[in-house]
Amino acid sequence: MTAVQLTAQQRLRHLITLDQLPVDIIQRLFARADALREGWRAGQRSWDTLHGHTVVNLFFEPSTRTRTSFDLAAQRMGADVINFDIANSSTVKGEILIDTLHTLEAMNCDGFVVRHKENGTAEFLARHVRTHAVVINAGDGNNAHPTQGLLDAYTLRSHRPDFANLCVTICGDVLHSRVARSDIHVLRALGIGELRICAPANLLPPTHELPGCRLMDDFDDAVTGADAVIMLRLQKERMTAAHVPSEQAYFARYGLDARRLRLAHPECLVMHPGPINREVEIASAVADGAQSRILQQVSNGVFIRMAVLAELLSGT
Amino acid sequence: MTAVQLTAQQRLRHLITLDQLPVDIIQRLFARADALREGWRAGQRSWDTLHGHTVVNLFFEPSTRTRTSFDLAAQRMGADVINFDIANSSTVKGEILIDTLHTLEAMNCDGFVVRHKENGTAEFLARHVRTHAVVINAGDGNNAHPTQGLLDAYTLRSHRPDFANLCVTICGDVLHSRVARSDIHVLRALGIGELRICAPANLLPPTHELPGCRLMDDFDDAVTGADAVIMLRLQKERMTAAHVPSEQAYFARYGLDARRLRLAHPECLVMHPGPINREVEIASAVADGAQSRILQQVSNGVFIRMAVLAELLSGT
Amino acid sequence: MTAVQLTAQQRLRHLITLDQLPVDIIQRLFARADALREGWRAGQRSWDTLHGHTVVNLFFEPSTRTRTSFDLAAQRMGADVINFDIANSSTVKGEILIDTLHTLEAMNCDGFVVRHKENGTAEFLARHVRTHAVVINAGDGNNAHPTQGLLDAYTLRSHRPDFANLCVTICGDVLHSRVARSDIHVLRALGIGELRICAPANLLPPTHELPGCRLMDDFDDAVTGADAVIMLRLQKERMTAAHVPSEQAYFARYGLDARRLRLAHPECLVMHPGPINREVEIASAVADGAQSRILQQVSNGVFIRMAVLAELLSGT
């Protein structure tokens with residue numbers, strides 16, 4: 001884990017990665033999300049927790065869904081929101097990135113939600129913060145996507161709180177997936193019973209990057225008895241690298257369909273970070289079926305992001 | 001009309017089209033707009049009617065004016081607003097469109113303002129709504145633009161409430177115009193005395209699409225005695241289809257200039273949905289003249305959209 | 001100065017240029033900025049001064065920094081904000097520009113922050129305003145950038161209030177710089193002791209455009225004894241015009257480095273409107289050094305823009 005994200009008192013200073021994030025911080029964020037979600041269910045629609053704060057969405061990679069989720073989270077917590085559109089995002093790095101950060105800090109912006117295709121960008125910015133401003137990693141390369149990992153664990157916990165007895169399977173393009181990495185970190189931190197990884201050989205990272213995971217070649221085997229299956233999105237341009245000749249061939253070997261799902265625990269949850277490729281990595285019947293928690297992940301994502309913003313910015 | 005837009009109790013559930021929209025709903029929206037406009041004139045600048053609601057502008061076709069009008073309407077009614085930018089809008093259809101809707105519903109967004117170049121998109125989305133969320137059609141292909149129709153009728157009614165004795169002329173590219181279709185629906189519903197349509201033969205839809213309208217070839221004849229003339233915007237790329245060799249030739253036959261306007265009723269109103277093509281479909285002297293209500297249409301448009309959002313989302 | 005920006009009572013009606021702007025108006029804006037900045041330091045984060053007003057950012061030239069500064073200023077003063085994205089900005093002029101203005105005025109927008117690559121655009125719009133709406137020039141061609149000029153003078157004044165005894169040097173591409181022009185106007189209005197201009201011969205405007213300035217060829221001479229140096233950004237595409245073969249050659253002759261800065265007054269302030277080109281017009285060690293006020297300029301920029309918006313829109 002990066003040292004930059006914790007204070008000397010082990011409080012959260014930035015949110016860069018879930019790697020080695022202390023469990024009590026994770027639980028604290030979940031408790032915040034619980035309270036916010038309960039408030040929403042009871043009819044509350046806005047909070048003034050972040051009144052006077054300004055959250056900047058610094059997205060150097062397009063992502064309407066995640067940006068909208070953070071935008072809503074910040075608005076509903078009472079923050080001002082700036083969507084900082086970056087023209088030639090590929091060239092924004094190093095000094096230019098730092099100057100942009102310091103310029104926005106000088107404007108008294110204090111929450112930076114950062115997405116960038118290069119690993120380490122959020123941490124790089126966090127190391128250069130000069131004020132009380134906080135950096136939240138909204139996805140850096142294939143490294144980390146901590147709020148997605150948190151919302152995945154949070155969604156799982158809502159249905160199956162006893163993690164020690166759970167078996168979770170992650171399947172797909174693990175190599176390029178920051179979601180998989182953050183999921184592995186948070187699920188292991190929370191003491192998941194068994195964590196299975198299934199991926200085409202060419203889309204699997206080196207074993208040392210998957211500590212505590214059980215690698216399984218055959219997806220049927222990997223699904224059997226699982227309590228939850230987290231499917232990953234296949235970027236179509238990576239199908240060649242996977243040595244899979246077609247979407248149909250990929251789906252046959254690594255797609256989650258109704259037959260495979262029947263191999264799992266009868267109450268097995270189906271999850272996916274979205275957006276889904278129907279009939280590529282997941283069958284529509286499964287994505288839209290009774291066991292799917294895909295939309296609940298989206299819903300929880302807003303509360304998790306509200307919790308993270310509040311934890312980092314509110315000072316309470 | 002589409003059945004999806006009314007509840008079993010004949011209340012407005014979504015706003016997709018003005019085709020067969022019950023007159024009492026139209027009048028109810030006008031009464032709301034009246035109250036809001038009067039409040040504004042008395043100095044009120046914001047309402048909390050939509051506090052806690054989130055309105056998403058889902059524009060798959062660029063339209064700064066209409067989007068801004070909805071954005072202002074939603075902000076002034078107290079809603080949170082998300083402008084959801086769609087990257088490759090032409091490919092957003094079918095399942096991807098539904099997944100986008102369900103994702104945003106899962107984030108507790110509940111007002112969807114939709115513009116798309118394909119007919120039926122707003123209705124398609126309305127049929128797939130799973131929550132209490134509402135869909136407002138901000139223009140679909142050449143099918144409907146209901147808030148434009150409402151604001152046109154509302155503007156006309158502000159000056160000439162006695163519709164039964166009015167003669168209104170719509171002139172221009174009727175074939176491709178969702179504005180013309182929505183105007184025809186609302187003006188007929190409100191009992192307009194005479195509704196004249198004038199268009200180049202190749203820009204005229206089949207007669208059965210223009211029920212209750214009087215088709216007139218010659219624009220001089222069509223203007224004569226009219227109480228209002230609604231000019232339509234000519235997309236320059238459609239001039240060829242109209243077999244008009246030039247903007248000058250189009251203007252000569254179908255442009256509204258001062259001479260033609262003198263053929264109309266002395267207090268004839270001049271209307272246009274904007275943006276206008278000066279000296280193509282309308283002379284500057286007429287567009288900016290004393291009889292023009294073009295900017296009043298724009299102004300009323302915000303109040304009509306505030307009324308529609310309140311009617312659909314506020315529950316009162 | 002343009003007559004359009006003052007009322008008959010010599011109150012500010014629009015902010016188009018600093019050319020001949022009365023000193024009492026400048027001082028009044030500075031006093032407002034002082035009060036806002038003090039309020040912020042005391043913990044105030046939002047004002048309701050502009051409640052019920054709608055500020056539109058009409059940027060026909062991309063500028064994320066200035067747009068964000070105005071966006072934050074308007075939000076923090078309580079205004080609604082619309083970012084009006086202009087598609088084919090190069091073609092937006094003349095009648096189309098006026099129609100856009102009148103359309104937005106009809107929607108009851110009343111603050112227009114305008115940037116355009118053509119000189120005179122903001123003034124052109126100000127002359128066509130029909131309501132109580134105000135126009136703020138956020139940069140027009142190489143003509144004026146009044147809020148930048150104000151924030152530069154305000155920053156200088158925070159450290160060295162006795163302008164009569166100050167010597168200020170402006171260096172770089174003066175020819176294309178609206179910042180330089182606005183700086184010259186405001187510094188002369190405030191009675192600056194000595195104002196030096198240093199630029200490559202081909203990037204220097206005609207002498208009559210630089211009244212009251214001392215033109216100096218050699219940058220070493222121009223820096224010597226200066227109390228502040230304002231460096232201008234070099235657009236890389238203009239290096240050829242400057243007959244400088246490379247960035248290195250430009251930096252050697254016109255770049256501000258530590259050696260040159262030592263020629264100045266020991267407390268000489270270093271300023272730059274940003275974004276900076278490191279090692280082109282300014283050395284990193286100087287830009288990030290103790291004498292740099294670059295980020296303070298950014299910070300003051302928000303307060304100056306809050307002050308300008310309040311002065312123009314609040315009526316008090």
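The backbone N, Cα and C atoms fix where each Cβ goes, glycine too.
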Further binder of carbamoyl phosphate named by TrEMBL next to B:R65, B:T66, B:H145, B:Q148, B:G274, B:P275, taken from the candidates B:R37, B:R41, B:R115, B:R253: B:R115
Of all listed binding-site residues, namely B:R65, B:T66, B:K93, those lying near chain C with CB under 8 A: B:R65
Residues within 8 Å of the B:R65, B:T66, B:R115, B:H145, B:Q148, B:G274, B:P275 Cβ centre (excluding the carbamoyl phosphate site residues themselves): B:S63, B:S69, B:A138, B:G139, B:V179, B:P273
Cβ packing number for B:R115 (carbamoyl phosphate binding site), 10 Å threshold: 23
Distance [Cα-Cα, Å, rounded] between B:Q148 (carbamoyl phosphate binding site) and B:R178 (L-aspartate binding site): 9
Binding-site residues near B:P275 (carbamoyl phosphate binding site) (Cα-Cα within 10 Å), from B:K93, B:R178, B:R233: B:R233
Distance from B:R233 (L-aspartate binding site) back to B:R65 (carbamoyl phosphate binding site), taken between C-alpha atoms, in Å: 14
Composition by DSSP (helix, strand, coil) of residues within the domain 'Aspartate/ornithine carbamoyltransferase carbamoyl-P binding' (B:13-157): 68 helix, 26 strand, 51 coil
Recorded L-aspartate binding residues, B:K93, B:R178, B:R233 - maximal Cα separation rounded to whole Å: 27
Where B:R178 (L-aspartate binding site) sits in the secondary structure, as DSSP reduces it to three classes: helix
